[in-house]
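Peer 1: The ATP binding site feature in TrEMBL is assigned to Gly97, Gln98, Thr99, Ser100, Ser101, Gly102, Lys103, Thr104. Feature annotation from TrEMBL assigns coiled coil to 356-423. Annotation comment: TrEMBL describes 3-340 as domain 'Kinesin motor'. Here TrEMBL flags 564-586 as region 'Disordered'.
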Amino acid sequence: MEKISVAVRFRPPKPSVDADADSSSFSGGGAVGNREWRIDDSGISLLHRAVPVPGTSFVFDHVFNESVTNARIYGLLVRSLIRAAVDGFNGTAFAYGQTSSGKTFTMNGSGADPGIIPLAVRDIFDTAAEAADRVFLIRVSYMEIYNEEINDLLTLGSEKLPIHESLERGVYVSGLREEIVNNAEQVLQLLELGEANRHFGETNMNVRSSRSHTIFRMVIESSAKHQTNSGDAIRVSILNLVDLAGSERIPKTGADGVRLKEGKHINKSLMILGNVINKLSENGKQRGHIPYRDSKLTRILQSALGGNAKTSIICTAAPEEIHIEETRGTLQFASRAKCVSNCAQVNEILTDAALLKRQKLEIEELRKKLQGSHSEDLEQLILKQRNDMHKSELERDRLAMELEEERRLRETLEHRLAKQKMSQNHNNTDISVEQFADSSQLDVLKTPDSKRTPDGFVASRSHYLKDAEFCPIPENLGSVADEDLWMQLNKGCITDLDMLEMTSDFKCPPSPEDTTAVVPLEEPIDVRCLRLETACSSDRQQLEDSKARCTTLEKELELLKEENSSLRQELSKSKHDTDHEKEGLLKELETEKYKMEELKQDIRLFRQAFSQRQGHLTSLYTKSKAIVENCKASRVALP
Ligand code: ADP
Ligand code: MG
């Protein structure tokens, strides 16, 4: 960002017809009235009887008195713009001020003191000639805005030209003639031609007052003579040199009819220029909409006002006391313009080869960015987290199975404990059906594989071994349950001894603690009680142990569940992050693609224009060659 350069220039006072009415108010300028402007190098203030008037002191980049030459103003404010324009930066210089304050004198100058435009034209060609490593193509156009209509000053009887806007060219005047120029003289001739086409009117204030804004434009294109890594792009810059029509107070000029209409248009467009400058000078966040579209002048100068251009403004002022109010208005405009910042950058059009090279670099950069974004690391992390999650799920399943197993074991133990308790009760007293209040207790005593035979015995020998010695009916069975009780319990079922051997209690291999597995039938009751009690307490202990283990496992399961859910969250978060990053990079790629398309389109247009111009020049060259040949021939033909 860089500020617009603003300078104020006072023209010499005019020799007045009535010395009292039109005395100079400029402290260095001869006759002094009550009020006068006091100036130094960069400051200016209004004095009333030598006392400063509050609110009328201003500071600018430069303040010039009547003795300054156009060459000095050019050197201080415009030369840098010209150098920058040759290097590819847009530039604009314009003169602003009331009618007859010296705008046209500043821009065009006189024979003895050439103005900014002729000085700039010469400087451009000189600077371009100095840049030995580049070739230049320079085009000029000259237009005026008169009564809010655009005329081409290089085309006689031109039609009103419209303003268009396109992505490739930005804001441009459609149909404006552009002349390719090779030297300063050619440009100055074109300027003369344009001047002749300008609208001048006669008002009381300035006999040859310009009634239109004129914009002289140079388009400077250049490319490197020899291909280099960075120099094969084409630079295009636009330089606007603008001479504005003067603001005026209508009663003062005495304008009427056509002049009055012109004056209104001029004042309106200058007012809009003032509005645009006011808006631009406001704080960035509060300034809102800039009314560039409200006038053709601001629309054409859009990039010069707060855009992509380096800009210098020379505000011209009349020193006479009678013009103090207008001068004050000009100074206020100038001090607003001082706050405006522009953002100029080199304008480059790339050749196909340069475009490819640049795109390769950009793609490489994007690839680096992608790598730099740790997407590979993230993917590794995601994989690892997935693995961890899978492992913890397996662990959870294993623990769940173990838990189930423990639960079953606990149930078995509880069941066995209940059974032992029951058998303890049974041993303590003679068993009768009436003692079993709970039918489940009775069921415990029932053999699971019983067959219902109403008239059968409680126990019979095995079908396979009828020999009493090999398979005796246990004699002491009676001490456990007599036949009647057995019959009552099993409702007349006969227990097959082979099947009886298969019941779970008998099938289990006897363990040292499991004293119930083989029960010695003749054991004394108190010993048996003791044994059962011991077994019972060991079972209880086992039960407690498995309960504790169960709780631990449950806790572990909870922890694993938590870990699992946090891993899931992390996974989804990192997935989201990666997606987001990928999305951003894709968008960047899209923008780059779009830019590339735009550049390609520009190149195509430029190529077309260039080949047209080449054709035109070739035909001109052929024609002039033919003329030269003819001349030579005719000279030879002469004796
Ligand atoms: P504007 O374009 O602002 O209406 P001009 O540039 O036409 O005013 O100036 C009006 C008159 O004042 C012209 O005759 C011009 O020669 C003269 N003039 C303006 N500025 C100067 C100057 N700095 N030195 C000499 N004459 C000047
Ligand atoms: Mg003028």
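Glycine residues also receive a Cβ, built from the backbone N, Cα and C atoms like all the rest.
What you are looking at is a predicted structure, and each value in this text was computed from that prediction instead of being measured.
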Peer 1: Looking at the binding-site residues Gln98, Lys103, Thr104, which have a C-beta within less than 6 Å of some atom in ligand 1?
Peer 2: Lys103, Thr104
Peer 1: Should we count any of the binding-site residues Gln98, Thr99, Gly102, Lys103, Thr104 as near ligand 2, judged by a CB under 6 A from one of its atoms, and which?
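Peer 2: Once distances to ligand 2 are taken from each Cβ, Lys103, Thr104 fall under 6 Å.
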Peer 1: Run through the Cβ atoms and count how many others sit within 10 Å of the one on Thr104 (ATP binding site).
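Peer 2: A 10 Å sphere around the Cβ of Thr104 (ATP binding site) contains 23 other Cβ atoms.
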Peer 1: Taking the Cβ of Lys103 (ATP binding site) as centre, how many other Cβ atoms lie within 10 Å?
Peer 2: 26
Peer 1: Around Ser100 (ATP binding site), how many other C-beta atoms are within 10 angstroms of its C-beta?
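Peer 2: So the number of other Cβ atoms within 10 Å of Ser100 (ATP binding site) is 25.
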Peer 1: Please report the number of other Cβ atoms within 10 Å of the Cβ of Ser101 (ATP binding site).
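Peer 2: That number is 28.
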Peer 1: For Gly97 (ATP binding site), what is the secondary structure state per DSSP, taken as helix, strand or coil?
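Peer 2: Strand, per DSSP.
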Peer 1: Indicate the candidate from Gly97, Gly102 with the smallest number of other Cβ atoms within 10 Å of its Cβ, considering only these binding-site residues.
Peer 2: Gly102
Peer 1: Of the residues in the region 'Disordered' (564-586), how many are helix, strand and coil by DSSP?
Peer 2: 23 helix, 0 strand, 0 coil
Peer 1: Measure from the Cβ of Gln98 (ATP binding site) and count the other Cβ atoms within 10 Å, all protein chains considered.
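Peer 2: 25, counting other Cβ atoms within 10 Å of Gln98 (ATP binding site).
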